[in-house]
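Sequence annotations record features per position, and here Swiss-Prot assigns active site, proton acceptor to Asp44. Summarising the annotation, Swiss-Prot assigns active site, proton donor to Glu215 and lists a curator's inference as the type of evidence. The substrate binding site feature in Swiss-Prot is assigned to Asp44, Gly125, Asn160, Ala161, Ile162, Asp163, Ser180, Phe181, Trp182; the stated evidence is similarity to another entry. If you look up Swiss-Prot, you'll see Asp107, Glu165, Asp287 marked as Ca(2+) binding site. The signal peptide annotation in Swiss-Prot covers 1-32, and the record cites experimental evidence as its basis.
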Amino acid sequence: MKKKKTWKRFLHFSSAALAAGLIFTSAAPAEAAFWGASNELLHDPTMIKEGSSWYALGTGLTEERGLRVLKSSDAKNWTVQKSIFTTPLSWWSNYVPNYGQNQWAPDIQYYNGKYWLYYSVSSFGSNTSAIGLASSTSISSGGWKDEGLVIRSTSSNNYNAIDPELTFDKDGNPWLAFGSFWSGIKLTKLDKSTMKPTGSLYSIAARPNNGGALEAPTLTYQNGYYYLMVSFDKCCDGVNSTYKIAYGRSKSITGPYLDKSGKSMLEGGGTILDSGNDQWKGPGGQDIVNGNILVRHAYDANDNGIPKLLINDLNWSSGWPSY
């Protein structure tokens, strides 16, 4: 919602940082919970591995067109790749006349022989938004095919079609979660061929008493439960950000999702996983990778509040996520 307007303003000072590389303490630690933190800007991250290379994608910077893309062969030395969607697609303005030059909060997954990339275009401060889809058989070779509109929202809707998350149920069926503020997080089943909605729209999380401040859903299935993580409160304000990661779980992908105290996430429930610390402020925009890795951004209080990528292994041994 309004977070993106603030984020755009926040990034005006960032162009000098674009040449820096991401540095992690380990490429793929088997047991160490914390992989490391980046020295580069990345916001609303999603991460995937193709062959021997890691790719991290995020919201585009104000100084760039398209989605930001980073690549590493060892998760220690990262290079900035050509952005995706450097040329705007013509249909975006049909649904979002006032969209910016960058796109927001991508999610990438591999399914049925293709990489599926969901992303958002929106107008600042409103729910005039659209989620789009692109596909490719290879990240490294590019060649992204525009798959068009997935779902949209307007002022007549009670939800906001941004922050997409492709997930799968225990039987391997694809679903899409999305949402930001308004009436909260939505979930819909996808057609396996088109990867677009084919069923009902379910509500799975909301914050009716907190100004609706939640967004950025990510889901995974572990040990008989579906786990939903969301971001609470305010992002995109540097060290003054109050973003935090909250979670709940359900036996059914469509809910109800309950936190550790038993409160429904539709009633504002959510157990806090990460609210930051003295250095890392406002962690959120999270994505669960392969079921056991969590990526998110946080604002570095030791570096002018610049948002950086943090990566942790997730531990599920207690029946709840931890790191």
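From the backbone N, Cα and C atoms, a Cβ is placed for every residue, glycine too.
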All-chain count of other Cβ atoms within 10 Å of Asn160 (substrate binding site): 24
Other C-beta atoms that fall within 10 angstroms of the C-beta of the residue listed as 'active site, proton acceptor': 34
Where Trp182 (substrate binding site) sits in the secondary structure, as DSSP reduces it to three classes: coil
Trp182 (substrate binding site) CB neighbourhood, other CB atoms within 10 A: 17
Using Cα positions only, nearest of the recorded positions to Ile162 (substrate binding site) (Asp44, Asp107, Glu215, Asp287): Glu215
Pairwise Cα distance maximum in Å, substrate-binding residues per record: Asp44, Gly125, Asn160, Ala161, Ile162, Asp163, Ser180, Phe181, Trp182: 19
Cα-Cα distance linking Glu215 (active site, proton donor) and Asp107 (Ca(2+) binding site), given in Å to the nearest integer: 14
Spatial separation of Trp182 (substrate binding site) from the residue listed as 'active site, proton acceptor' - C-alpha basis, Å: 19
Spatially closest candidate among Asn160, Glu165, Ser180, Trp182, Asp287, the listed binding-site residues, to Glu215 (active site, proton donor) (Cα to Cα): Ser180
